[in-house]
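Comments concern the structure below.
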Amino acid sequence: MPHRSEPNAPGNLWRDPDFRHYALAQGISVTGGGVTTIALSVLAVVELHASTFNVALIAFASKLPALLLSLHAGVLADRRRKRPVIITCDLLCAAVLLTLPAAQLLARITLIQLYAVAFTVAALQVIGSNASISYLPSLLGPDRIKDGNSKMGAGNSLADLIGNNSGGALVTALGAARAVTVDAASYLASSLLLWRIKHREDPPPARTADTSHWTEIREGLTYTLCTPVVRSIVLANTATSFVLAASSALWSLYLLVPA
């Protein structure tokens, strides 16, 4: 039987070691991500003297995976055990990020590498976050999922705030490339915490012979478009992401380039 601590006690989530490990893993990786966001901008503008077009390309590279991979990542999360997917994505993110301080040590950092790192990490985050969202209901069960989502939302918002505010200080103290090691370490810590979770997922449901990857994507799109609440949330998030991406792509130029 899957391991759950007091599944019918919604107010007792923080006493559940599995939930604590999950929540701490998510919070640590979100905090580290805020550091890398600032570090990539500083690397591009200050150290590589990137043009407006170059900076926009980095922002584009970090947003493109969400457009290309979100639907496919959802299908992957449905077809695999979630926790191994999340751990694998965390470990790969750490490895990709560590190429930046290694390249700086060799004086080999280029804009092409920044594009590649931004795209690859974002792609792994899309896959990992889809699996992570799908994993929480399995971890908590129906009686505690509402309380769990509430706590995760508050915790991740706080972690994002801490990461964005501490990122500048770390970049100043360590240098941009070395500050990225903090994010790499956060992914390693996240994977370790997730590995310590004792809950064991049920195997994914068996697929019929006529259920293809694209069939599942079509079913998901149909559900989204035909469910008013879900459709409204998706459209609102899409519009918000588009506006934020357009406005944030060039902020580093205005902040980091002398007038």
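Keep in mind that glycine also has a Cβ here, set from the backbone N, Cα and C atoms.
A TrEMBL annotation is a machine prediction, not a hand-curated record.
What TrEMBL says about this one:
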type	residues	note
TRANSMEM	21-46	transmembrane segment
TRANSMEM	52-73	transmembrane segment
TRANSMEM	85-106	transmembrane segment
TRANSMEM	112-136	transmembrane segment
TRANSMEM	234-257	transmembrane segment
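Beyond its flanks by at least six residues, the transmembrane segment (85-106) meets 29, 36, 39, 43, 76-77, 113, 117, 120-121, 124-125, 127-128, 131-132, 135, 175, 177-178, 180-181, 183-185, 187-188, 190-191, 194-195 of its own chain at Cβ-Cβ distances under 8 Å. When Cβ-Cβ distances below 8 Å are used as the criterion, the transmembrane segment (52-73) is approached by residues 40-41, 44-45, 111, 114-116, 118-119, 121-123, 125-127, 129-131, 213, 217, 220-221, 241, 245, 248-250, 252-253 of the same chain, each at least six residues removed from its ends. Beyond the transmembrane segment (21-46), the same-chain residues lying 6 or more positions past its ends with a Cβ under 8 Å from any Cβ of the stretch are 54-55, 58, 90, 97, 100, 109, 111, 114, 117-118, 121, 125, 132, 135-136, 139, 151-152, 155-156, 158-160, 162-168, 170-171, 176-177, 179-180, 182-187, 189-191, 193-194, 196-197, 251-253, 256-257.
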